[in-house]
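Colleague: Below is a structure I'd like to ask you about.
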Amino acid sequence: MSELPRTYAIRTLGCQMNVHDSERLAGLMQEAGYVPVADVPAKAERATEAGDQGADVVILNTCSVRENASNRLFGNLGQLASVKRERPGMQIAVGGCLAQQMRGGIVERAPWVDAVLGTHNLDVLPALLERARHNNEAAVEIEESLKVFPSTLPTKRESAYAGWVSISVGCNNTCTFCIVPHLRGKERDRRPGEVLNEVQALVSEGAIEVTLLGQNVNSYGVGFGDRQAFSKLLRACGQIEGLERVRFTSPHPAAFTEDVIEAMAETPNVMPSLHMPLQSGSDRILRAMRRSYRSKKFLGIIDRVRELIPDAAITTDIIVGFPGETEEDFQATLDVVERSRFSDAFTFMYSPRPGTPAADMEEQVPTDVVKERYNRLIALQSRIAEEENTARVGREVEVLVSASEGRKDAQTHRVSGRAADNRLVHVALPEELSEADRPRPGDMVRATVTHGAPHHLVADSALAGELFEVRQTRAGDAWASHEARKAELQAEAEGKLPVSIGLPTLRVGA
Ligand code: SF4
């Protein structure tokens with residue numbers, strides 16, 4: 001297989017920041033001449049159960065927020081060690097938050113790892129791999145602070161029709177359960193011009209949806225002295241031609257200001273959805289979490305958003321069983337959930353994260369109590385989400401078709417994607433639909449909601465001969481040409497076409 005290109009695979013274990021960082025890592029690898037292993041079937045078919053995907057370089061992008069993160073990482077690395085023994089030249093790299101935290105400790109426990117890099121120096125990955133290969137020993141490099149803003153690195157986007165753009169990294173808050181400030185440092189804001197250039201570049205490549213990303217988007221601008229910078233950025237995104245959907249994550253309730261709600265309401269391509277972490281409905285617990293808003297302020301923001309954007313779908317994050325949480329505190333959370341009518345909630349059972357202040361707090365809540373409260377919260381939230389989704393039956397939705405959101409689509413003859421308010425929708429295709437009329441990922445489909453479940457909507461109006469409209473988009477075209485290129489690479493790797501890695505194929509008569 002020596003004539004085949006060197007391949008890589010990335011496993012992302014973590015949050016959206018990590019997913020975005022993985023795109024950067026993929027971009028860097030491709031710039032250095034590596035090819036995604038999925039594009040070289042002869043290598044991909046060597047994949048084992050260790051999660052190596054058959055690649056020559058396996059990169060684990062780790063997270064330290066998940067429970068048992070380090071046990072899982074070393075479990076994964078143990079499995080990869082036996083693959084590496086059988087695969088000459090294979091390399092393993094570890095990046096992400098856990099790498100930033102454990103540093104050289106990773107190679108001490110897993111000496112077969114070739115490269116370790118932190119969250120501040122993604123750009124060194126290809127160089128570390130090269131150095132490790134040359135010196136035949138592990139290369140570890142962790143930076144204490146950011147050298148290159150991650151968004152200035154090359155990127156390989158996961159999707160042709162939607163992309164993330166970092167507006168800031170790090171966080172100036174000090175929530176006591178969170179490791180982010182420790183690992184990712186103080187907030188650093190990108191200049192608006194730079195952000196908008198990146199958004200524009202994405203749109204030029206075919207994207208029609210962009211999500212602005214920061215740990216705390218509402219404090220964007222503090223770094224360069226403009227407290228309204230975020231609302232201005234939203235309005236500026238509204239001016240970008242061809243950009244149909246703008247989303248952002250995550251705002252912090254303490255820093256949420258009226259100008260942002262107004263910008264959301266007045267900018268047509270800013271979508272009517274809001275993800276705003278509550279964490280707890282008890283003011284006493286919010287204080288212990290060192291989150292500086294109170295439940296009244298949180299509910300006030302929700303009321304105001306609904307006043308200006310009546311159809312907004314609001315989602316949240318909630319932690320159950322933070323140290324010291326009493327039944328009364330938990331009840332306060334249930335009350336806020338009941339009032340807020342979230343369309344979805346990401347719920348977490350508290351478990352101590354080493355390195356965070358809350359891990360050392362007394363009064364840790366016993367696991368069985370946490371579980372019992374968690375189940376009550378899930379039951380309440382599921383009921384609310386189902387009621388809210390059922391109330392959508394009969395409404396028209398416009399769905400941006402996704403390549404990956406509907407696992408059962410092939411069996412159910414549907415396509416899946418997100419409505420404007422970010423709800424997941426499964427849409428039935430008309431029975432007699434030609435291949436040419438079939439919506440592609442990136443295209444938009446209009447249909448009527450026929451059923452609401454706690455976590456998704458079904459829009460099967462086509463089956464009754466009612467509304468089903470496909471709007472082909474530039475994003476659908478971009479997806480189609482990306483797929484065509486992939487098929488070409490595959491054919492080359494299988495020897496059906498002359499190899500042309502990185503070079504356009506010359507077709508006689510073209
Ligand atoms: S706002 Fe709090 S939870 Fe969010 S990243 Fe900052 S410290 Fe962590």
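Yeah, the Cβs are placed from backbone N, Cα and C, and that goes for glycine too.
Just lifted these from TrEMBL, have a look:
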- 6-134: domain 'MTTase N-terminal' (DOMAIN)
- CYS15, CYS63, CYS97: [4Fe-4S] cluster 1 binding site (BINDING)
- 157-387: domain 'Radical SAM core' (DOMAIN)
- CYS171, CYS175, CYS178: [4Fe-4S] cluster 2 binding site (BINDING)
- 390-463: domain 'TRAM' (DOMAIN)
Colleague: Ligand 1: which of the binding-site residues CYS63, CYS97, CYS175, CYS178 have a Cβ closer than 6 angstroms to it?
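Modeller: Only CYS175, CYS178 qualify.
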Colleague: Would you mind reading off the Cα separation of CYS175 ([4Fe-4S] cluster 2 binding site) from CYS97 ([4Fe-4S] cluster 1 binding site), to the nearest angstrom?
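Modeller: Here the two Cα atoms are 17 Å apart.
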Colleague: Other than CYS171, CYS175, CYS178, which residues of the chain come within 8 Å of the [4Fe-4S] cluster 2 site, judged by Cβ distance to the Cβ centroid of those residues?
Modeller: ASN173, THR174, PHE177, ILE179, VAL180, PRO181, GLN215
Colleague: Quick check on the binding-site residues CYS63, CYS97, CYS175: which one has the highest count of other Cβ atoms within 10 Å of its Cβ?
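Modeller: Answer by Cβ density within 10 Å: CYS97.
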Colleague: Report the same-chain neighbours of CYS171 ([4Fe-4S] cluster 2 binding site): residues 6+ apart in sequence with Cβ closer than 8 Å to its Cβ, ordered by sequence.
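Modeller: Looking at Cβ-Cβ distances below 8 Å from CYS171 ([4Fe-4S] cluster 2 binding site), excluding near sequence neighbours, one finds CYS178, VAL180, PRO181, ARG184, LYS186, GLU187, GLN215, ASN216.
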Colleague: Specify the secondary structure state of CYS97 ([4Fe-4S] cluster 1 binding site) as given by DSSP, simplified to three classes.
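Modeller: DSSP call for CYS97 ([4Fe-4S] cluster 1 binding site): helix.
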Colleague: Within the domain 'TRAM' (390-463), how many residues are helix, strand or coil going by DSSP?
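Modeller: Per-class counts: 11 helix, 26 strand, 37 coil.
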